[in-house]
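As given in TrEMBL:
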type	residues	note
ACT_SITE	H67	active site, proton acceptor
BINDING	D68, V71, G73, D75, S77, E89	Ca(2+) 1 binding site
BINDING	P167	substrate binding site
BINDING	H197	heme b binding site
BINDING	T198, D242, D249	Ca(2+) 2 binding site
DISULFID	C36-C116	disulfide bond
DISULFID	C69-C74	disulfide bond
DISULFID	C123-C319	disulfide bond
DISULFID	C204-C229	disulfide bond
DOMAIN	26-323	domain 'Plant heme peroxidase family profile'
DOMAIN	340-638	domain 'Plant heme peroxidase family profile'
SIGNAL	1-25	signal peptide
SITE	R63	site 'Transition state stabilizer'
Amino acid sequence: MASNIQSLLVLVLATLATLMIPSNAKLTPHFYNKVCPKALPIIREIVDRAIIRERRIGASLLRLHFHDCFVNGCDGSVLLDDTRNFTGEKTALPNLNSIRGFEVIDEIKAALDKACKRPVVSCADILATAARDSVAILGGVHLWYPVLLGRRDSRTASRDAANTNLPPPFFNFSQLLSNFNSHGLDLKDLVALSGGHTIGFAKCVTFRNRIYNDTNINPTFASSLRKQCPRVGGDTNLAPLDPTPATVDTSYYKELLCKKGLLHSDQELYKGNGSESDRLVELYSRNPFAFAKDFKASMIKMGNMKPLTGNEGEIRRSCRRYFLVLAMATVLVTIPSHAQLTPDFYNNVCPQALPIIKSVVQRAIFREWRVGASLLRLHFHDCFVNGCDGSVLLDDTPNFIGEKTALPNIGSLRGLDVVDEIKAAVDKACKRPVVSCADILAIAARDSVSILGGPLYWYKVLLGRRDARTASKDAANSNLPPPFFSLSQLLSNFQSHGLNLKDLVALSGAHTIGFAQCFTFRNRIYNDTNIDPNFASSLQGTCPRSGGESNLAPLNRATPSRVDTSYYTALLGKKGLLHSDQELFKGDGSESDTLVKLYSKNPFAFARDFKASMIKMGNIMPLNGNVGEIRVNCRRVN
């Protein structure tokens, strides 16, 4: 106890030292001149070294500053790791597996705190200065500008705010301008700051739709990118944003004049219709000094977006963690509850668990890609029957009739052998039964989705579920929604599980993969009116009026082995396979209709909502703490 008090006193004193830094509620380029005059030269030196090691890092540091300022202002929030109190911005869709340069920021922070004898320079100011230095190093002295300084660091971050505020690469011009206007920036700022794409690379997933579907694109340019970015796979393959990806110049704008913008949002700046945006692109393409002048002015303007100053926020000791005495003191007296699901549940007891599950699922999908849909379905059918407790896996016993022979499951539940393989592998690696069968289902579902859909669909699974000691066929028959349900029946069913309309429409997107048996859609293709006649006719050979009960048809004919948004596109064309699918879109302008339209054209919105709903569904009535058990065999109670 005495040592805890001493530790707390040290933290208090360190914080008081930080609070003694002169505060000024107005940003100024001279903020550190007296308190730490070596600060800016140190930042420049480390950025210089980092770019010499890897020229691409300059673009990464510039992007960090952009992505920081556009989410609740320039407050260093983009750097914060997740905590128990918030999910940070690093796992937001525009950032996940794509923002880089954190180790350079850490190196700068350590060097500054050592030279200044204490935490003096905020992480937000480090981002702003490192961005400026990157541009000047890669573009020359005419791109140098004085950075206004004196920002302080936020104590929180928000993944939702990042998903909402960062403009995605499929935005059209009016959406881009509206986004920039919401941050106090104008059209000139939009066109000038987009010149940040004069350096760096983009992933295939961000420009695939452009090179295969856009019309405002040079055909030869589009063709040249298709090997690097095929229609399927290669989501993380990189292509340069302009022909000189390591030099800040005006070739980005020259490319737009030739319809060679890599991203859809890039090319939206120039359409050749004589607009104000067109005129700015033309000016910057031929006049590097005009571009430099406007770019620098817009960078300064962006850097002044809602900064924390004076006594707001803090000066962090580590850019990845907020430092607050109260929070640190709480740690001394708070013991984490093991009755709460957490993504880190197995980190200490069996860190190999999640990689092993991913490996087994990957091998299974390579053997038969259809099994990914089967594993996803197992998780759904588990959670909707008395919660996510692994009960769907239990064989019948003298004491109960399990869920496998319930009407929604009989003859259609698959993937049980893969779950057995996973269970054997993790128990061997962990030396004992540590990972529950319920958690295996949740992880295997997530891994199936991300393997078949790409990293866009990866999410953190909350873990720590325990396994049920019983199962119920009657509960499965009562709780699993059948394929003939109407929208009101579907919504009522989902609401009974604590889910809402958005969850219903998003989770139904799981039908982007997999197959259904003839008996589940026969009535639809012969009797429904809300169906495309040609689509119905094309299925009648596979599913005659009588017989062929178990004949299969893909739930999403376009891409049955890929997680994407074509399921929703099919609904717009009245081509949903199941009656319950088409109930989500009737063309009557309902909220459900609106969501289907959104997801059909915006894969990032679908991925965001699908992942959120999967996490929410995975939290339906889990057994944890000392309730239930960790099964030795997923098919039998211990």
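Think of each number as a place in line: the chain as shown, counted from 1.
Backbone N, Cα and C define each Cβ position, glycine as well.
For the recorded site, C204 (disulfide bond), the DSSP three-state label reads helix. Restricting the recorded positions C74, E89, C204, C229, D242, C319 to those with a CA within 10 Å of the CA of H67 (active site, proton acceptor) leaves C74, E89, listed by sequence position. C74 (disulfide bond) carries neither a helix nor a strand DSSP state and counts as coil. All protein chains considered, the CB of C229 (disulfide bond) has 23 other CB atoms within 10 Å. Note: the Cα of C36 (disulfide bond) and the Cα of D249 (Ca(2+) 2 binding site) are spaced 33 Å from each other. In this structure the C-alpha atoms belonging to V71 (Ca(2+) 1 binding site) and P167 (substrate binding site) are separated by 11 Å. A sphere of 10 angstroms centred on the C-beta of R63 (site 'Transition state stabilizer') encloses 23 other C-beta atoms. Long-range neighbours of C204 (disulfide bond) (same chain, six or more residues apart, CB within less than 8 Å of its CB): Q228, C229, G234, D235, T236, N237, L238, A239. A 10 Å radius around the C-alpha of D68 (Ca(2+) 1 binding site) takes in these recorded positions out of C74, C116, P167, D249, in sequence order: C74.
Remark: G73 (Ca(2+) 1 binding site) has M305, K306, P307, L308 as non-local neighbours, by Cβ distance under 8 Å and separation of at least 6 in sequence. On the 0 to 100 pLDDT scale, the domain 'Plant heme peroxidase family profile' (340-638) averages 95 in this prediction.
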